[in-house]
Amino acid sequence: MAAVSLRLGDLVWGKLGRYPPWPGKIVNPPKDLKKPRGKKCFFVKFFGTEDHAWIKVEQLKPYHAHKEEMIKINKGKRFQQAVDAVEEFLRRAKGKDQTSSHSSADDKNRRNSSEERSRPISGDEKRKLSLSEGKVKKNMGEGKKRVPSGSSERGSKSPLKRAQEQSPRKRGRPPKDEKDLSIPESSTVKGMMAGPMATFKWQPNVSEPVKDADPHFHHFLLSQTEKPAVCYQAITKKLKICEEETGSTSIQAADSTAVNGSVTPTDKKIGFLGLGLMGSGIVSNLLKMGHTVTVWNRTAEKCDLFIQEGARLGRTPAEVVSTCDITFACVSDPKAAKDLVLGPSGVLQGIRPGKCYVDMSTVDADTVTELAQVIVSRGGRFLEAPVSGNQQLSNDGMLVILAAGDRGLYEDCSSCFQAMGKTSFFLGEVGNAAKMMLIVNMVQGSFMATIAEGLTLAQVTGQSQQTLLDILNQGQLASIFLDQKCQNILQGNFKPDFYLKYIQKDLRLAIALGDAVNHPTPMAAAANEVYKRAKALDQSDNDMSAVYRAYIH
């Protein structure tokens, strides 16, 4: 591949890892962000996603030269929105250039005039100038009366413009904050960098740490610069992260990837077991993105809708696994997860060398480790991938996926994770994702109980619950979760988006996780008791927000 000449401000197509090429712009990195060692790379901000990353030069292509090619390959909605953002950026930049063309012409005229004044004047010209001198002085006097002070040529320029003219940059020398890039700024891009879309340019506040600029951006950068070296060996060794060169086995930063752009479906056959609240949305998105999917559910009627959408029907879990390359499973609890694998006509009976199994259930680390061992012992490959989200996020394909286990299988699931989620995290050895998922749900469940407690306390003290919600929505606690759950309570709508019985199960497992390492979890324990009371009030199959009823009965 021929070398491509790129400069700061150039529009490019950037290829990041396993994701499709995405439109972006080469920008200056934050001053305290070190450039990765090794091959030459540029810092790129992607349109439509707010993601940033160092991209190797061989993974970059000029935007205009490859535009038609990329548009033919990718057809997704988010990809098209990103392309539209680029075109809007170009339109506004062009309009800015046209607006400034007149001032550029004036500058040129002034330079020409200056050159005329600086050349030697002949005798004839001196006589002509002396004859017209009186008229010139008169006109200048009239001009002073008409033109307000401050509108002179010097006064019409901004302080920044004057500073730039007084301190011109030496040719070929990049500004101080561009030294890491070692590239000159393209003259054709200067207008774009100052145009109406200036918000697209990376502009860190020097008085604030970079991580405050974009929470996801900070984690994304960590994932690009601090990835631990990982490898896998057979059976149990295959499921462990190898020690880094320093000898430390701790994971400094999870390997995460922002899922964006259109999805190019894998040619592998996909199986899916379990069509509950979460599984149904996941399968629907897999089918929409063009995957070949075989489904199974304990109650076969739930499969009918997906058969109409193009899915195939599997009669047993073993049949699905044996006929598919990668099989996902999403069931309710540890017992259901074990029964699915170890029971009659279960997953284990269909496992052969090379078959892949991905468990998306929220279970404890011991359960998922046991499942991994039996799958790998049959020559299969295993990945745990519980998801953070609810029914609506599942339907929208906006789940957060926490994966651990076989790194190669994680890569093979790329298009599937793109279809079902907005972000995926790789957390290392089997059991890490289960632990992280329980901690996430422990925080969520405890917060939900606190919300319910606050609303009931407001009610019994004569305060408006709606006003409390309005105040919370204007403060630091404001979130979609807070607003939706409070609205559910105020409207008395407890249609399940996340079953109360499942959040209580996760709290119980999180408390057990704390007990196993002798770590106190008093807040989770208190919340768990409230959920147990709500279950006793027959709220198990309602949404988790129904914990509110435990406080009013």
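Any Cβ shown, glycine's included, is placed from N, Cα and C.
Straight from Swiss-Prot, the features:
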type     : residues            : note
DOMAIN   : 8-66                : domain 'PWWP'
COMPBIAS : 92-145              : compositional bias 'Basic and acidic residues'
CROSSLNK : K135                : SUMO2 cross-link
COMPBIAS : 162-182             : compositional bias 'Basic and acidic residues'
CROSSLNK : K176                : SUMO2 cross-link
CROSSLNK : K179                : SUMO2 cross-link
CROSSLNK : K201                : SUMO2 cross-link
CROSSLNK : K211                : SUMO2 cross-link
REGION   : 216-225             : region 'Interaction with KDM1B'
CROSSLNK : K227                : SUMO2 cross-link
CROSSLNK : K237                : SUMO2 cross-link
CROSSLNK : K240                : SUMO2 cross-link
REGION   : 261-553             : region 'Dehydrogenase domain'
CROSSLNK : K269                : SUMO2 cross-link
BINDING  : 271-285, T362, K505 : NAD(+) binding site
CROSSLNK : K302                : SUMO2 cross-link
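The two recorded residues, G274 (NAD(+) binding site) and K302 (SUMO2 cross-link), have Cα atoms 9 Å apart. Taking the Cβ of K269 (SUMO2 cross-link) as reference, residues of its chain lying under 8 Å away and at least six apart in sequence are, in sequence order, T292, T294, T323, C324, D325, I326. Secondary structure by DSSP for the domain 'PWWP' (8-66): 7 helix, 24 strand, 28 coil.
Cβ-based crowding with a 10 Å cutoff singles out T362 as the top-ranked of the binding-site residues S280, T362. Cα of T362 (NAD(+) binding site) to Cα of K302 (SUMO2 cross-link): a span of 21 Å. On its own chain, V283 (NAD(+) binding site) has F272, L275, V293, V295, F306, A311 as residues at least 6 apart in sequence with a Cβ closer than 8 Å to its own Cβ. Residues within less than 8 Å, Cβ to Cβ, of K302 (SUMO2 cross-link) and separated from it by at least 6 positions along the same chain comprise L275, S280. For the binding-site residues listed here (G271, G274), the lowest count of other CB atoms within 10 A around the CB belongs to G274.
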